[in-house]
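Colleague: Before I ask anything, here is the structure I am working with.
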Amino acid sequence: MTVDDDIEWRVTPGLSPYAETVAEMEARAAAIRAGEARELIWLLEHPPLYTAGTSAEADELLLPDRFPVFRSGRGGRYTYHGPGQRVGYVLLDLDRRGRDVRCFVAAIENWVIATLGDFGIAGRSEPGRVGIWTGHGPDEAKIGAIGVRVRRWVSFHGFSLNVDPDLSHFSGIVPCGLGEFAVTSMARLGIPAEMAAVDAALRRHFPAMLAGLRCSTRSDKDS
C-alpha cells in the first residue's frame, strides 16, 4: 500500500460551475472531519470567473462586470479561474497528517514546483509572496496561485496552475494583490502541455507532498 492509497483522486472533465463545486467541496470536508468520507484531491477547470479571498481589497477588482465574482472563504486576495488553468482542491485531514498550516502551504508550493520541473520549467517560491514564480528581473512572473482554508483541521480549496489560460483575463483584477508582477503560463513559456500530462505529474509527485506535511516545527494556530 502506498501513502496515498486511501485518498480519492478525482478529475472532472469540462468546466465546473464555481458555486456548486464549492458547496460540494465544503460538504466533503465536513464528511472527512466526521470520518464519513475519504480525503480527496479534486482536479478540474472552472469557467471564467474571479474569486475574492479573505484578504481581498475592493480596489483590487478592476473590472467588476467582466466575469462573475465570488466571495471565497480561502485565504489570499483576488484571483482568476478559467479554461486552461488546472485547479486542484486539496481536502486532507491535517489532524492526522500534521497540524501545521504553514507547512501545508509550503508542501503545496513544492508539489507544484516539482510538477513544473517535469516540463523543464524552473518554478520557485518567494519569501513573503505565496504562490509559484518563474523567471527573474523583468521576466519574473507568477505561474501558480495558492489559497487554502482549514476548518477543524481539514483543508479545502487549494492551488491553481496556469497551463494555457487566456492571460488577458487576469487584467480585470490585481492578482493576489501584487500588481507589480506579471502572470504567465506554461504555454507562454513555450511548453504546450496537455492537461492530462500535468495531472500525471501531479500524481507522480504527490507522495513527496504528503511526506512534506511533517515539518520539524508545528503550528499552534487555531482552525
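Glycine is no exception: its Cβ is also placed from the backbone N, Cα and C atoms.
Pulled from Swiss-Prot, these are the listed features:
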| type | residues | note |
| --- | --- | --- |
| DOMAIN | 35-214 | domain 'BPL/LPL catalytic' |
| BINDING | ARG74, GLY75, GLY76, ARG77, TYR78, THR79, TYR80, HIS81, ALA145, ILE146, GLY147, GLY158, PHE159, SER160 | substrate binding site |
| SITE | LYS142 | site 'Lowers pKa of active site Cys' |
| ACT_SITE | CYS176 | active site, acyl-thioester intermediate |
Colleague: I'd like the Cβ neighbour count for GLY76 (substrate binding site), meaning other Cβ atoms within 10 Å of its Cβ, all protein chains included.
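Modeller: GLY76 (substrate binding site) is surrounded by 23 other Cβ atoms within 10 Å.
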Colleague: DSSP three-state call for GLY76 (substrate binding site): helix, strand or coil?
Modeller: coil
Colleague: Between the recorded positions ARG74, LYS142, whose Cβ has more other Cβ atoms within 10 Å than any of the rest?
Modeller: LYS142
Colleague: Give me the Cα-Cα distance between PHE159 (substrate binding site) and LYS142 (site 'Lowers pKa of active site Cys'), rounded to a whole Å.
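Modeller: LYS142 (site 'Lowers pKa of active site Cys') has its Cα 13 Å from the Cα of PHE159 (substrate binding site).
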Colleague: Secondary structure at PHE159 (substrate binding site) (DSSP, helix/strand/coil)?
Modeller: strand
Colleague: At the level of the C-alpha atoms, what whole-angstrom distance separates GLY76 (substrate binding site) and LYS142 (site 'Lowers pKa of active site Cys')?
Modeller: 14
Colleague: For PHE159 (substrate binding site), what is the tally of other C-beta atoms lying within 10 angstroms of its C-beta?
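Modeller: Summing over all protein chains shown, PHE159 (substrate binding site) has 23 other Cβ atoms within 10 Å.
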